[in-house]
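Q: Dropping a structure here in structure tokens format, bear with me for questions.
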Amino acid sequence: MLSTLQPPRSLSLLPLRRFQSSRPIVSAAASSSSTISPPQSQILTTRRSLLSGETTAVEIAKSYLSRIRLTEPQLKCFLHVSENVLKDAEEIDQRIAKGEELGPLAGVLIGVKDNICTEGMPSTAASRILEHYRPPFDATAIKKIKELGGIVVGKTNMDEFGMGSTTEASAFQVTANPWDLTRVPGGSSGGSAAAVAARQCMVSLGSDTGGSVRQPASFCGVVGLKPTYGRVSRFGLMAYASSLDVIGCFGSTVADAGMLLHAISGYDRFDSTSSKQDVPEFQSQFLSVDHFESKPLKGVKVGIIRETLEDGVDSGVKSATQEAASHLEALGCILTEVSLPSFSLGLPAYYVIASSESSSNLSRYDGVRYGNQVMAEELNRLYERSRGEGFGGEVKMRILMGTYALSAGYYDAYYKRAQQVRTLIQKDFKAALEQNDILISPAAPSAAYKIGEKKNDPLAMYAGDIMTVNVNLAGLPAVVLPCGLVEGGPSGLPVGLQMIGAAFDEEKLLRVGHIFEQTLKGSGFVPPLLANVA
């Protein structure tokens, strides 16, 4: 049945390449295969195909909608698929016929995490309390995407209000990992990551508060890009923890994620935390592999974070990370080991700060101003029932934790101390990045785990964020890209390498990531669900 997903012959979508593997633990960097071509940009390929007349936007849209119909019953990536996809595609074809100029995202199908507001389309944050909410406006990121010709294909599933690491905390459904349908896709942006991995959309938007773009990117074998705090406007992003939240990007290649980031970046007067920092032309970093020198990253200083390869990290993840580091060294990088003394303090500090800010941000959902209302005769009872029936268990627990941390007598002991730890983490990163161009680590201590495996053990689930939360506390940019496979599932499970850069230095991260990806032999990370798609 999956063979029917094959697009029409005239459709110039990228061929889906399998990662060839027969060993229990496999690193792409160590693979001897050289027959698989480097991954390419679906955004650029789509643009070339449209402008050459090789295909139409409607044909592309129909192909992806067909793939969604066939794979969605198994994956459950989307909470809502737009009714306007074909209409939007027709408008692009009409503009081409008239010879009008096309935006850089023309014809690109984009999935959007359900906590990012889209005008006239359900935007629920995967919560019952917003079950029927359709915002009357677009988030700034969505507005920019539409202005550049992008087509929003639908709203993707997530952990309720972004609180979770598996997408099991959604009030509506559990999303499966395309690499193994019995495993989680990660979270909280699991729907967005799985949709890109399954080629249900070309790219997607997620949000990253403590790793919610990067961890699911690692679990699903796609690229996940978290920008510097302030690089992208948060206007229209439903707040979880305002000092940590950022909108991030998923793509099947570094180039796609980088071009999507460029499209949504820039200052926004509707967001007081957005930066006026200039946005570089990221596309200039995405050279063809034919233009690379023998040592294209010669002189780039790379620091391996010692604390991320110690006890608690699966051996397969360690091996894949170390071999990825060796691949960077082969490309000319200068590798050193760095220590972040405050690294282990990041996880508890993050959960205190995030829970405290969420208890404040979610107070607006009271059944009066926002959210579904449950009728009651007395006001306090109305609040109690509306919030009690509208919020899920994970959200309630974090609200209670945050309220406790902010309460009189505990503020100094918890919230204030967590902010002091945050300052230490920022100083440690600053010192390390003064000596290195980028830092690297695993994106998660393990590959994707089974659905239900950690649902009843929240501490074990929270520990899975240990590689990513410090980056949010420091407000730095990071990109995760697949670097190998470990044993598990029908044909192995992907492992992601995290690259961390200095503030507003996404350009360097994208350059290093693109070269790493293009020179990684045997690097077609396509899940077995799509094995029969040519």
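Each residue, glycine too, has its Cβ placed from N, Cα and C.
So TrEMBL says this about it:
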ACT_SITE  Lys113  active site, charge relay system
ACT_SITE  Ser188  active site, charge relay system
ACT_SITE  Ser212  active site, acyl-ester intermediate
DOMAIN    59-510  domain 'Amidase'
Q: What mean pLDDT does the predicted model reach across the domain 'Amidase' (59-510)?
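A: Here the mean pLDDT over the domain 'Amidase' (59-510) amounts to 96.
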Q: For Ser188 (active site, charge relay system), just count the other CB atoms lying within 10 A of its CB, please.
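A: Summing over all protein chains shown, Ser188 (active site, charge relay system) has 35 other Cβ atoms within 10 Å.
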Q: Across all chains shown, how many C-beta atoms besides its own are within 10 angstroms of the C-beta of the residue listed as 'active site, acyl-ester intermediate'?
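A: Around the Cβ of the residue listed as 'active site, acyl-ester intermediate', 36 other Cβ atoms lie within 10 Å.
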Q: I need the CA-to-CA distance for Ser188 (active site, charge relay system) versus the residue listed as 'active site, acyl-ester intermediate', whole Å please.
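A: Just about 5 Å between their Cα atoms.
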Q: For Lys113 (active site, charge relay system), write down the residues of its own chain that are at least 6 apart in sequence and whose Cβ falls under 8 Å from its Cβ; none is a fine answer.
A: Lys155, Thr156, Met158, Ser189, Gly191, Ser192, Ser204, Leu205, Gly206, Ser207
